[in-house]
Amino acid sequence: MGLQRFSFFVTLALVARSLAAIGPVASLVVANAPVSPDGFLRDAIVVNGVVPSPLITGKKGDRFQLNVDDTLTNHSMLKSTSIHWHGFFQAGTNWADGPAFVNQCPIASGHSFLYDFHVPDQAGTFWYHSHLSTQYCDGLRGPFVVYDPKDPHASRYDVDNESTVITLTDWYHTAARLGPRFPLGADATLINGLGRSASTPTAALAVINVQHGKRYRFRLVSISCDPNYTFSIDGHNLTVIEVDGINSQPLLVDSIQIFAAQRYSFVLNANQTVGNYWVRANPNFGTVGFAGGINSAILRYQGAPVAEPTTTQTTSVIPLIETNLHPLARMPVPGSPTPGGVDKALNLAFNFNGTNFFINNATFTPPTVPVLLQILSGAQTAQDLLPAGSVYPLPAHSTIEITLPATALAPGAPHPFHLHGHAFAVVRSAGSTTYNYNDPIFRDVVSTGTPAAGDNVTIRFQTDNPGPWFLHCHIDFHLDAGFAIVFAEDVADVKAANPVPKAWSDLCPIYDGLSEANQ
């Protein structure tokens, strides 16, 4: 009883503190602490004391100065860390992108590092997470919102603030490095940091409060390590207006399948009868369904009783389909309107050997020297750059097309693929055999679909951002098993375009001096 009461008060404290946003200048203290977001107490990684990590906010044009102070002590979740600011282009600050051994050496425990980057031309919904091994699964993951004072969608909603951010988290009772290499499902789904597991049927659920007659811009963020979720709110349609930081033409849906690391803004009109309505986030595998309030939260109208909903789910009739998404403002597709009509086309063949994933016959093994440091030290060609077979130089100012055919040889589909440093045009989506060179959505994480559907997802982007940029499956357990490559973009200009601070240059000597137990 004592532990349960303690866990209840810990949960209350976490909820109370997790709503306070920080930024654009902030200190992030990364530490180990016991948490119980689903009523089960476990050691985890907290940022400024909370799980999920606190909301970071700013506005378009801001300079973000985010000082990461590593005080980690538990080697089973790693003592070092490195943070990726997901969705930001990091033009001129490739060193601040975050992936360990691609863009930097990890920050050692007992040290801090300042991520200092500008966001001149991006606004929308982003997130941040550890980019070292599977560390973000243990708690280092949180939402990041950049507001646009001139938001073209502003007339469509009345409320857009800290209370309208919705995070979806797969939560595990065992630390990622101590559990199975490929877990068969999470113990709980957390919505805004709260949820229930099979062993904690009375744990608190998140409550999202609305007032009748108001329109809310909700920012749905998948901070998942693995599953995708089908998200819906009983009795309400959702109007999607933003996709991964890209404004989109308004699209009315009644459910959203959201893959790991994707984000959507949707407008909800609180025009239904005052009451309580189930918010649902059903994972694609593991403990599915909603029995006893699992995979759920509560939408509560002002004036409704403090009670769990009694609403029932209806069959989705207008689910979100990616090919129905289009940018709000015209965004020309790089290249010419034919398959392969680009300066450089690459096909990525996926494989798996029971332990590791492969792309074009290479599994990504983190190099001891970060790719950016290799380039700054003079490495220029694929032959020079490590890991061998996993680094693809891309020419400057060129159009690039990547095909990612789904295959039964790479189990665990659909695999959501994320490209760092860019948003890309999705010219062929999962579930579709047609190519759209006119007005496809641009985004930074795309589902590569399933072999059963014969999917051959195809994306395009322009090389306008010198630096090494990771492309990888965002199922963190798959990334840790090598499901990644690096694009070394415009290698000749990387050094001039990305001046590195001295503190960055100090990271590797410090990290390389650590014993394995202190890494």
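Just so you know, glycine gets a Cβ as well, placed from its N, Cα and C.
Per Swiss-Prot, signal peptide is recorded for 1-20, and the stated evidence type is sequence analysis.
In this structure, Asn74 (N-linked glycosylation site) belongs to neither helix nor strand by DSSP; it is coil. Positions annotated as N-linked glycosylation site by Swiss-Prot, on the basis of experimental evidence: Asn74 (among others).
Marked as Cu cation 1 binding site by Swiss-Prot on the basis of experimental evidence: His84, His418. A 10 Å cutoff on Cβ-Cβ distances gives His418 (Cu cation 1 binding site) a total of 24 other Cβ atoms nearby, all chains included.
Marked as disulfide bond by Swiss-Prot on the basis of experimental evidence: Cys105-Cys508 (among others). The Cβ of Cys105 (disulfide bond) lies under 8 Å from the Cβ of Ser82, Pro370, Leu373, Leu507, Cys508, Ile510, Tyr511, Asp512, each on the same chain and at least six residues away in sequence.
The DSSP secondary structure for Cys225 (disulfide bond) is coil. According to Swiss-Prot, the feature disulfide bond maps to Cys137-Cys225 (among others).
Look at Swiss-Prot and you will find Asn161 (among others) tagged as N-linked glycosylation site. Reduced to three states, the DSSP call for Asn161 (N-linked glycosylation site) is coil. Asn161 (N-linked glycosylation site) is surrounded by 14 other CB atoms, counting those within 10 A of its CB over all protein chains shown.
What Swiss-Prot records for Asn228 (among others) is N-linked glycosylation site, and it gives sequence analysis as the kind of evidence. Neighbour count (other Cβ atoms within 10 Å of the Cβ, all protein chains): 23 for Asn228 (N-linked glycosylation site).
As annotated by Swiss-Prot, N-linked glycosylation site applies to Asn237 (among others), with the evidence given as experimental evidence. Contacts of Asn237 (N-linked glycosylation site) defined by a Cβ separation under 8 A and a same-chain sequence distance of 6+ are given as Leu252, Val253, Asp254, Asn269, Ile318, in order along the sequence.
Summarising the annotation, Swiss-Prot assigns N-linked glycosylation site to Asn271 (among others) and lists experimental evidence as the type of evidence. A simple way to gauge crowding: the CB of Asn271 (N-linked glycosylation site) has 11 other CB atoms within 10 angstroms, across all the protein chains here. Under the DSSP three-state reduction, Asn271 (N-linked glycosylation site) is assigned to coil, being neither helix nor strand.
Here the Cβ of Asn353 (N-linked glycosylation site) has 11 other Cβ atoms within 10 Å, regardless of which shown protein chain they belong to. Among the features that Swiss-Prot reports, N-linked glycosylation site is placed at Asn353 (among others).
If you take the C-beta of Asn361 (N-linked glycosylation site) and look for same-chain residues 6 or more apart in sequence within under 8 angstroms, you find Ala349, Asn351, Gly389. Under the three-state DSSP scheme, Asn361 (N-linked glycosylation site) falls in the coil class. The N-linked glycosylation site feature in Swiss-Prot is assigned to Asn361 (among others).
Positions annotated as domain 'Plastocyanin-like 3' by Swiss-Prot: 368-490.
Taken residue by residue with DSSP, Asn456 (N-linked glycosylation site) is part of a strand. Around Asn456 (N-linked glycosylation site), a 10 Å sphere centred on its CB holds 19 further CB atoms from the protein chains shown. The N-linked glycosylation site annotation in Swiss-Prot covers Asn456 (among others) and is backed by experimental evidence.
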- Work out the three-state DSSP category of Cys508 (disulfide bond). helix
- Determine, to the nearest whole angstrom, how far the Cα atom of Cys137 (disulfide bond) is from the Cα atom of His84 (Cu cation 1 binding site). 14
- Cα separation, His418 (Cu cation 1 binding site) to Cys225 (disulfide bond) (Å, whole number): 13
- Task: Could you say whether, by DSSP, Asn353 (N-linked glycosylation site) belongs to a helix, a strand or a coil region?
- Result: coil
- Item | Cys137 (disulfide bond) CB neighbourhood, other CB atoms within 10 A | 30
- Task: For Asn271 (N-linked glycosylation site) and His84 (Cu cation 1 binding site), determine the Cα separation and express it in whole Å.
- Result: 38
